[in-house]
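*Asks:* Handing you this structure, nothing more for now.
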């Protein structure tokens with residue numbers, strides 16, 4: 001009976017490490033793709049930019065005309 | 001020559017053992033029914049958002065599977081069918097399964113909330129809680145109606161899929177719930193009639209043991225009768241259509257007929273032909289659920305009434 005440098009245990013350990021690595025990489029890719037999709041769905045994002053912008057101002061009700 | 005085998009007493013798990021903790025076969029049913037729920041909903045979902053929603057619903061289902069295996073590790077070691085599971089066979093420690101279940105549960109709920117909406121995420125959290133705590137911990141070992149309660153956990157996925165798209169509940173999603181909910185008891189009790197499992201040795205009350213096999217046959221027939229109106233009613237809603245209706249009428253007639261045959265049989269007749277009818281009805285019940293949801297899928301693609 002010969003001694004092996006690699007025990008059968010190491011194979012199982014490697015399968016765990018590889019599996020977890022692949023899962024984590026896939027999760028990173030998924031979150032990135034999700035971000036791209038969500039940002040595109042949101043349309044143009046506008047915020048305050050030191051200038052009054054008509055598209056950002058709330059719509060005011062039309063003034064009442066008194067006869 | 002002497003080898004030192006210090007490791008062999010505590011075998012380390014490989015990746016597949018952790019996958020097995022998530023009950024991949026149950027997960028495939030969750031994926032299918034949740035997808036149908038999402039697909040037939042009247043709101044269009046971006047394909048990638050839909051894919052991620054189904055993925056995290058499945059992961060939540062897997063988390064509850066791991067929690068179930070953690071809690072049931074004592075009875076899993078007794079029953080033949082479950083002795084090969086990762087915990088009873090010693091490949092995974094009980095605490096690892098508990099940790100994995102809790103972490104994956106949290107991740108799946110958080111991610112579903114970010115992907116779809118927080119109503120769907122809350123629904124998923126409730127489903128995990130319902131299966132892991134209310135079913136597994138509380139009711140499974142206490143009442144012979146455990147199958148009925150457990151069926152509710154399996155019936156939530158299409159409602160969660162629907163909620164991912166619409167952000168709420170509709171009559172259609174409630175009826176999809178009812179379809180799986182009332183289908184589960186006759187399906188499992190038909191199995192229990194011919195699979196003489198050692199549930200009672202493990203201390204799990206099964207209807208076949210607590211109330212007898214005669215009573216189980218009556219229960220099976222009664223549930224097929226209750227199930228049929230809900231399946232037909234689903235066909236009358238916005239997700240139904242001629243194709244679904246045709247499938248539902250044929251399958252429900254066949255299922256009720258099967259339940260009736262099971263009811264009419266005496267136990268010695270069943271023993272004589274090796275539970276042929278019970279096995280046939282069990283097989284039919286598998287097709288019953290699969291074809292109903294497949295019909296919903298195709299009908300959703302074709303357009304309904």
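In case you wondered, yes, glycine gets a Cβ from its N, Cα and C as well.
Annotations for this protein, taken from TrEMBL, read as follows:
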TRANSMEM  B:26-42  transmembrane segment
TRANSMEM  B:48-71  transmembrane segment
TRANSMEM  B:92-112  transmembrane segment
TRANSMEM  B:118-139  transmembrane segment
TRANSMEM  B:146-169  transmembrane segment
TRANSMEM  B:175-195  transmembrane segment
TRANSMEM  B:216-236  transmembrane segment
TRANSMEM  B:242-263  transmembrane segment
TRANSMEM  B:284-302  transmembrane segment
*Asks:* Which stretch, B:26-42, B:48-71, B:118-139, B:146-169, B:175-195, tops the Cβ pairs under 8 Å count with the transmembrane segment (B:284-302)?
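*Replies:* That would be B:26-42.
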*Asks:* Among B:118-139, B:146-169, B:175-195, which stretch has the most Cβ pairs under 8 Å to the transmembrane segment (B:26-42)?
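*Replies:* It is B:146-169, which has the most Cβ pairs under 8 Å.
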*Asks:* In terms of Cβ proximity under 8 Å, which residues at least six beyond the ends of the transmembrane segment (B:175-195) contact it?
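*Replies:* Non-local partners: 33, 36-37, 147-148, 150-152, 154-156, 158-159, 162, 206-208, 213, 216-217, 219-220, 223-224, 226-227, 230-231, 233-234, 237, 255, 259, 262, 270, 275, 278-279, 281-282, 285-286, 288-289, 292, 296.
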